[in-house]
Amino acid sequence: MNINATARSLLLTEFVSAFFLAMRYFFKPKPTINYPFEKNPISPRFRGEHALRRYPNGEERCIACKLCEAICPAQAITIEAGPRRNDGTRRTVRYDIDMVKCIYCGLCQEACPVDAIVEGPNFEFATETREELYYDKARLLANGDRWEREIAKSIELDAPYR
């Protein structure tokens, strides 16, 4: 055994340095928050509960192009388009999302040419039954109406990166 190794083992330098490292972290402020009462701000790119948006005049944005249905890797979206209207546009008759299948990848939101389907800021949508996780058009539109202000703000903040 050489003198260096003997000195290190007698002086317990590794133990002392580990102790001081632990003490440094022990006295730092903790990053934990008191969750239900305090919430961290979420990113504008956060992908939470789905919502269908409307135009400011109240008309729904979805034009039944079915791009979101085609791009969904989990095949969680089902759309039925209604007949063409006099002005040549279409609207959806049925717009269902199976949230059990959804993987929250955000591809539906990226594919939508009119920003109709978005993933909103809500992350607290736990349910007691599986059937409550099958979202129909009415529920998606209600989510959009409820979260429109936050969704519009997130889209505006994310605009430079789109």
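These residue numbers are counts, starting from 1, taken along the chain as shown.
Every residue, even glycine, has its Cβ placed from backbone N, Cα and C.
Database features (Swiss-Prot):
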- 52-82: domain '4Fe-4S ferredoxin-type 1' (DOMAIN)
- Cys62, Cys65, Cys68, Cys112: [4Fe-4S] cluster 1 binding site (BINDING)
- Cys72, Cys102, Cys105, Cys108: [4Fe-4S] cluster 2 binding site (BINDING)
- 93-122: domain '4Fe-4S ferredoxin-type 2' (DOMAIN)
Cys62, Cys65, Cys72, Cys112 as binding-site residues, winner by CB count within 10 A: Cys62
Cα-Cα distance linking Cys108 ([4Fe-4S] cluster 2 binding site) and Cys65 ([4Fe-4S] cluster 1 binding site), given in Å to the nearest integer: 12
Among Cys68, Cys102, Cys105, Cys108 [binding-site residues], residue with fewest other Cβ within 10 Å: Cys105
[4Fe-4S] cluster 2 site shell beyond Cys72, Cys102, Cys105, Cys108, criterion: Cβ within 8 Å of Cβ centroid: Cys68, Ile71, Pro73, Ala74, Ala76, Ile77, Ile103, Tyr104, Gly106, Leu107
Extra residues within 8 Å (Cβ to Cβ centroid of Cys62, Cys65, Cys68, Cys112), [4Fe-4S] cluster 1: Ile63, Ala64, Lys66, Leu67, Glu69, Ile79, Cys108, Ala111, Pro113, Val114, Ala116, Ile117
Spatial neighbour of Cys112 ([4Fe-4S] cluster 1 binding site) that is closest, considering only the binding-site residues Cys72, Cys102, Cys105 and their CA atoms: Cys72
Residue counts (helix, strand, coil, in that order) that DSSP gives for the domain '4Fe-4S ferredoxin-type 1' (52-82): 5 helix, 8 strand, 18 coil
Within the predicted model, mean pLDDT of the domain '4Fe-4S ferredoxin-type 2' (93-122): 96
Distance [Cα-Cα, Å, rounded] between Cys105 ([4Fe-4S] cluster 2 binding site) and Cys68 ([4Fe-4S] cluster 1 binding site): 12
Cys62 ([4Fe-4S] cluster 1 binding site) versus Cys108 ([4Fe-4S] cluster 2 binding site) - Cα distance in angstrom: 12
C-alpha spacing of Cys62 ([4Fe-4S] cluster 1 binding site) relative to Cys72 ([4Fe-4S] cluster 2 binding site), in angstrom: 16
Inter-residue C-alpha distance, Cys68 ([4Fe-4S] cluster 1 binding site) and Cys102 ([4Fe-4S] cluster 2 binding site) (nearest angstrom): 12
